[in-house]
Amino acid sequence: MHHNDRVSFGSRLGAILAAAGSAVGLGNIWRFPYETGNHGGAVFILIYLGCIFILGLPIMIAEFTIGRHSKASTGEAFKVLAPKGYWKWVGYLGVLTGFLILGYYSVVAGWTLEYVFEAATGQFAGKSSSEFVSMFQQFSQNPIRPLIWLTVFMLLTHFVIVKGVQKGIERSSKVLMPLLFILVVVLAVCSVMLPGAEKGIEFLLTPDFSKITPDVFLGAMGQAFFSLSLGMGCLSTYASYFGKETRLGHTAMSVGLIDTFVAVLAGLIIFPAAFSVGIEPDAGPSLIFITLPNVIQQAFSGVPLLAYVCSILFYVLLALAALTSTISLHEVSTAFLHEKFHFTRSKAATIITVSCLLIGIVSSLALGDWSSYTIAGMNLFDALDFLTAKIMLPLGGMFAAIFVGWVIDRRIVRDEVTNYGTLKATFYPVYIFILKFIAPIGIALIFMNELGLLG
Ligand code: PHE
């Protein structure tokens, strides 16, 4: 059986950092600000926070339970815990979701490498905000250049995956996360002090309730799942590597807080800066690639060397944060192929790398030469993002909640959150209530609302 030869994370801290490494990534620094910008600012953030704490954390603990108890990657975990019936399809849905996300996510991850390169070759110095806009457009619409970076990024991910779980994932997360954290705080402080930044702060902190629409709810829920790496079995796959001393509730809380903190700080970097230089907050996926170099140039305009170093550091750390997330996405599919079809890890990884590269190429071209191909009015990149983040992840999360809340043996559920009775179970009844009722009904209502079924 594959159960006994599983490696595990070296320590409790290792488990938290690896899960946080998966959660913190482009979702926080790239996707959160542009979704916030598209959906009216502060109201979106309020609903987002609700989704994180009411739906996200309990579902995260549920996924941890599934992973640690089954000791299997998500594709197999449902089958181990519920051998009969259709539950295994939830696992497969998760694998497919992660696979698709990895495809387009790597495109943006590739952009971060281009920006490392541009920062290092001094191309940011002295540019105006409109020059940053055209620089990004020229780059992202170029048919070749983004594909090169995409390929480089996929290969980096591949390399870490093939080296194995403990060495690759855990070691890299430990050093990089804290560093990114510090830099994000510094940049947020700089951005808030720019002239005209108040409007951006107001946009982030003063909710305008007239902006609430069904899209705001769907967007906030999707972003919460995306950002926490939930709804596709990523964290449950990681939890299959957790040791028995890892505290599930505590780990979920830590990951949730770190993730939210980074996202909100990213908002505090982007919006004051965007308003300060007159860039619309709903600029979409390009937002951080345009505003951020700007913030750095302006904040350190008197000290070019500092601006230079800071830009390189920021994009290097962003690329690494993206890497710890792509690793986790890749790991789900690789572990699935490895366990289900008994391919060697390196063969499994190669299959995933090559096929995701193809999805990446299509998504990247969709932003330039192929932008005229649309589905429901969205180019293929946006359509893939919509389908995965706003539909497949919340569905996966809903099924995980139902599975742990209703299907598996209640003793298992209790044993897992209390580490076999050694921890107090203060919030246990609330947790069960959310899994059984609030999460499934809440997610269903948000879907129905979006479809216009609630009137
Ligand atoms: N949570 C990651 C981020 O915010 C993205 C991700 C989603 C990773 C789903 C794994 C699974 O960047």
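The backbone N, Cα and C atoms fix where each Cβ goes, glycine too.
Feature annotation from TrEMBL assigns transmembrane segment to 12-30, 42-66, 86-107, 147-165, 177-197, 217-241, 253-275, 305-327, 348-367, 387-408, 428-448.
A contact between the transmembrane segment (177-197) and the transmembrane segment (42-66) is absent, since fewer than 3 of their C-beta pairs, 6 or more residues apart, lie under 8 Å. Comparing 253-275, 305-327, 428-448 for CB pairs under 8 angstroms to the transmembrane segment (42-66), the maximum falls on 428-448. Long-range contacts of the transmembrane segment (253-275) within its own chain (CB-CB distance under 8 A, at least 6 residues past either end) are made by residues 16, 19-20, 23-24, 27-29, 32-33, 36-37, 41, 45, 49, 52-53, 56-57, 60, 177, 180-181, 184-185, 187-188, 191-192, 194, 196-201, 203-204, 227-228, 235, 281, 283, 287-288, 291-292, 294-295, 298. Here the transmembrane segment (387-408) has Cβ contacts under 8 Å with residues 31, 55, 58-59, 62-63, 65-66, 69, 78, 81-82, 87, 90, 93-94, 96-97, 100-101, 218-219, 221-223, 225-226, 230-233, 236, 432, 434-437, 439-440, 443-444, 446-447 of the same chain, all six or more residues outside its ends. Residues 6-9, 15, 18-19, 22-23, 27-28, 31-32, 35, 38-39, 44, 47-48, 50-52, 55-56, 59-60, 63-68, 70-75, 77, 91, 93-95, 97-98, 101, 165-166, 248, 255-256, 259, 263, 325, 328-329, 331-332, 335, 389-397, 400, 443, 446-447, 449-450 of the same chain sit 6 or more residues outside the transmembrane segment (217-241) yet have a Cβ under 8 Å from a Cβ within it.
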